[in-house]
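Here is the structure we will look at.
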Amino acid sequence: MGRCRVLVVGGTGYIGKRIVKASIEHGHDTYVLKRPETGLDIEKFQLLLSFKKQGAHLVEASFSDHESLVRAVKLVDVVICTVSGAHSRSLLLQLKLVEAIKEAGNVKRFIPSEFGMDPARMGDALEPGRETFDLKMVVRKAIEDANIPHTYISANCFGGYFVGNLSQLGPLTPPSDKVTIYGDGNVKVVYMDEDDVATYTIMTIEDDRTLNKTMYFRPPENVITHRQLVETWEKLSGNQLQKTELSSQDFLALMEGKDVAEQIVIGHLYHIYYEGCLTNFDIDADQDQVEASSLYPEVEYTRMKDYLMIYL
């Protein structure tokens, strides 16, 4: 593979910083968008400076300044956006990026901010969590209407949020004595190491096999059930947890009285652990769908038993 010019938008975020790192490690000429407000956040600014030390270029631009976005986009072949999906306003900022890419006319690949569940499959998702998927589809429509070459990334469950705490609501650390099992705990889920998400994402940018397609992440050994995840931790830690199965009705009842952010989390967990939305369909090449670990078998992805070791 050759050397690409890659612009990462949202490069100081949870997944964005890993994509910047992966891009640099793969030898690409890496640019990171520096928004004016970043200079007010010492941690983000220091992170940007660390990227610069590693050879990345910092490009000043603002979503409120169309011309600055166009200038930034004209510097590169590939644009990867990783702005947070936690706020609807952030997701729709990508429409400004789409307009800049359309005007610049030089981008060979755009990867918008998705990286979780495939929004195209979540049209019947529960409110208020459905809004995130709906807005991602608005961005997809804009991309496709503008005929922008793209790849959509469905990376499923990030380990930091779903694995270390055994997918429990609340703290991000493993429970010490009790664990709630969602349903019977036998629905298949896909868990990912965040660095592997970044690696697979960067590997797509010059690969014609992923052009204008959705790439799902299903490394075989990371497609496991909730119960298997819990048992993996028990084996590693030597600590048997008291397990309580929670029915779908009782789980959804947890939404009552919660704020919107908590309701969104509960709704998403319901789709993952009760409906099996990550694995209840086949990946279909005829529908412009591909699977990451099959395309890139050379990637030695992190298994969840190894991911959990840091929590011991």
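The backbone N, Cα and C atoms fix where each Cβ goes, glycine too.
Binding of NADP(+) is attributed by Swiss-Prot to G10, G11, T12, G13, Y14, I15, G16, K44, R140, and within the candidate set R35, R130 the record adds R35 to that site.
For K136 (active site, proton acceptor), applying a Cβ distance below 8 Å and a minimum sequence separation of six or more within one chain yields G85, L91, P112, S113, E114, P119. In this view, the densest Cβ surroundings among the binding-site residues K44, H268 belong to H268, judged by other Cβ atoms lying within 10 Å. A gap of 25 Å separates the Cα atoms of H268 (substrate binding site) and T12 (NADP(+) binding site).
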